[in-house]
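Asks: Sending over a structure as structure tokens; questions will come in a sec.
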Amino acid sequence: IIYPGTLWCGHGNVSSGPNELGRFKHTDACCRTHDMCPDVMSAGESKHGLTNTASHTRLSCDCDDTFYDCLKNSGDKISSYFVGKMYFNLIDTKCYKLEHPVTGCGERTEGRCLRYTVDKSKPKAYQWFDLRKY
């Protein structure tokens, strides 16, 4: 399913090429960049010492953070709002990044950790992290 007025926002894309964007160009450009993230983990794939047990692809936190910021700064306020709500709030997903071992959660909201506590005395390793709410 692709969000109306876009070619890249949803499962896959329906564009005829990498330069084609839908009516909501700003939102679509955010989705296109997100779709082209160089560090992704498909469902069932193992990478960086982690296994994606979700039924959908998960991305590096860098790519998800860039997507979040892009949507927030989009000129297409309504479409970016709905795409952001769908991806960050409705899909229960996580991202991964290289960080010192997580020891707990310093701040939590709506079941998601907003601020992690880490053990800086130990080496960094790839771990799963909750996405921010949109």
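Every residue, even glycine, has its Cβ placed from backbone N, Cα and C.
Values in this document were obtained by computation on a predicted structure and should not be read as measured data.
Got these off Swiss-Prot a minute ago, pasting:
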type     : residues                  : note
ACT_SITE : His34                     : active site
ACT_SITE : Asp64                     : active site
BINDING  : Trp8, Gly10, Gly12, Asp35 : Ca(2+) binding site
DISULFID : Cys9-Cys31                : disulfide bond
DISULFID : Cys30-Cys70               : disulfide bond
DISULFID : Cys37-Cys63               : disulfide bond
DISULFID : Cys61-Cys95               : disulfide bond
DISULFID : Cys105-Cys113             : disulfide bond
CARBOHYD : Asn13                     : N-linked glycosylation site
Asks: I'd like to confirm something. Which of the recorded positions, Trp8, Gly10, Gly12, Asp64, has a Cα closest to the Cα of Cys37 (disulfide bond)?
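Replies: Answer for the nearest of the recorded positions: Asp64.
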Asks: Which of Gly10, Gly12 (the binding-site residues) has the most other Cβ atoms within 10 Å?
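Replies: The most densely surrounded of these binding-site residues is Gly10.
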Asks: If I restrict to non-local contacts, at least six residues apart, and a C-beta distance under 8 angstroms, what lies near Cys30 (disulfide bond) in its own chain?
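Replies: Long-range Cβ contacts: Cys9, Phe67, Cys70, Leu71, Ser74, Ser80, Val83.
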Asks: Measure from the CA atom of Asp64 (active site) to the CA atom of Cys113 (disulfide bond) and give the result in Å, rounded to a whole number.
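Replies: That separation, Cα to Cα, works out to 16 Å.
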Asks: Just give me the nearest neighbour of Asp64 (active site) among the recorded positions Asn13, Cys31, His34, Asp35, Cα to Cα.
Replies: His34
Asks: Measuring Cα to Cα, how many angstrom lie between Gly12 (Ca(2+) binding site) and His34 (active site)?
Replies: 11
Asks: Can you grab the distance from Cys95 (disulfide bond) over to Gly10 (Ca(2+) binding site)? Cα atoms, rounded to a whole Å.
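Replies: That separation, Cα to Cα, works out to 17 Å.
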Asks: Quick check for you: of the recorded positions Cys31, His34, Cys61, Cys63, Cys105, which have their Cα within 10 Å of the Cα of Gly10 (Ca(2+) binding site)?
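Replies: Of Cys31, His34, Cys61, Cys63, Cys105, within range: Cys31.
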Asks: Write out, in the order they occur in the sequence, the residues of the chain not among Trp8, Gly10, Gly12, Asp35 that have a C-beta within 8 Å of the mean position of the C-beta atoms of the recorded Ca(2+) site.
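Replies: Output for this site, in sequence order: Ile2, Thr6, Leu7, Cys9, His11, Asn13, Val14, Cys31, Arg32.
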Asks: Within 10 Å of the Cβ of Cys61 (disulfide bond), how many other Cβ atoms can be counted across all chains shown?
Replies: 22
